[in-house]
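Shown next, in C-alpha cells, is the structure this report addresses.
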Amino acid sequence: MEIIEIDGSMGEGGGQILRYSLGFSAVTLKPVRIYNIRAKRSNPGLRPQHLTAVKALQMITDAVVKGAKVGSMEIYFEPKRRKPGNYRFNIGTAGSTTLVIQAILPALLFSKGYSSVEIIGGTDVPWSPPIDYMRYVFIYNLRFFGVDVEIELYRRGHYPRGGGRVVLKVKPLLGKMKPINIVERGKLISIYGISHAVRLPRHVAERQARSAATVIREKLGVEPNILIESYPPGRDPHLGPGSGIVLYADVEAGTRLGGDALGARGKRAEIVGREAAEKLIDELSSGMAFDSHMGDMLIPYMFLAGGESIAGVSKLTNHTLTAIEVSKIFLPNSKVSIVGNKGEKGIIRIHGVGLSP
C-alpha cells in the first residue's frame, strides 16, 4: 500500500499538520509518514498533547505506530480499522484537550457505532481553542454537515496544572456528510458568552463580563447575555487558578462566530473581557458566516462531504491554507478554489470526495 509522506514543516509548520495528517490517515485508512514534526517551533518534535492524539488514534484504529515519543521529529502511522467505543485518554499535563478532540473526531464520525471519549488535560490554555468555543461554536456549526456531537465539560483545566475533564460523545454518520453553502453572515441576531473564574474570586469573572459587555454595547449596540461561572471557596472542584471568557454571536445565516480571551497572572480582568469583545467584533466585521478559527476547522469536513461546499470565512489564515494543502495530499480527487488573499476575508469552495462510513 502506498505510504503518504507529509513534511511537517510545510505551511505554518506546527502541531496542526500532525493532527490533520493523522486524522485523515485514520479516516481514509491510508498509512502516513510525517517528518520534520513541528520543525519551525522553538521546542520541535512531539509534545505530550500531540502524543495523546497519536495514542488515541492508534487505539481507535488499531494502528501500527513508530516514533511515538516526546521530542520525536518523525512518526509512522498505519491504521487498520475504525473502532467506535468508550475511550479514556489522559494527557498528563495542561496540554490541550480541544486539540485532541480536533484530531480524533473525524475518525469517530466515520466509525460504525456510538463513541464516548473522556479526555483529561487543559481545557482553557494558550494557543488552542477554549473548551467553550468548541462546545458553543465548533460543534454548533458542524450541524450543517449532518454531524451529531456533544462535548460535556466536567472540570476546567488551566496552565500549568491541567486536570480538566471533558467527555466527547459522537453519533456515527449514517451516510455521506452533507455539503454546506454558507457565505455571508447576514444580520447580527444576538450575542452570548461565558465568563469563568476558578480558584479565584467571583469578581474576576464578573469584571471580565462587564468589560466585554461595555465594548459590545458601544461598538455593536447589542446587549450581550454573558453567564458568570464561579465557585465558592472550599467547593471549587478545579485545580486552577484560571479565568477566561468566550463570546459568540448568532447571525442570520444560522452560523455562530466566536471571540475569546484567557486570563493570566498580572493581566487585569477588564483587559481580558475587552480582548474577547474586540476579537468577536473583528470577526463580525468581515460580514462572512464563519470566523477565522472555524475556517481552518471546517476544512476536513468540507473535503470529506459529498458534493460542493462553499464557506465564507472572516480571514484566510496560515492554518486554513495549511489545512487545505494537507487535505489535498490525502484526497487528490477533491477540487479546491479560493477567492481572497491570505490575511483577508475569503470564500473557500471545495468539491468533496463524499466518503461513506
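Positions of Cβ are set from backbone N, Cα and C atoms, glycine also.
Matching GLN58, GLN102 to the ATP binding residues that Swiss-Prot gives (HIS293, MET294, GLY295, ASP296) identifies GLN102.
Sequence-distant neighbours of GLN102 (ATP binding site): residues of the same chain at least 6 apart with a C-beta under 8 Å from its C-beta are ARG19, GLY23, PRO129, MET297.
Among the listed recorded positions, namely HIS293, HIS319, the Cβ with the most fellow Cβ atoms inside 10 Å is that of HIS293. Its Cβ taken as reference, ASP296 (ATP binding site) is surrounded by 24 other Cβ atoms within 10 Å in the chains shown. Long-range Cβ contacts of MET294 (ATP binding site) within its own chain (separation 6+, distance under 8 Å): VAL137, PHE138, ASN141, THR255, LEU257, GLY258, VAL313. Taking the Cα of HIS319 (active site, tele-AMP-histidine intermediate) as the reference point, the closest of the binding-site residues HIS293, GLY295, ASP296 is ASP296. Taking a C-beta cut-off of under 8 angstroms and a sequence separation of 6 or more, GLY295 (ATP binding site) has the following same-chain neighbours: ALA311, VAL313, SER314, LYS315, LEU316, THR317, HIS319, THR320, ILE348.
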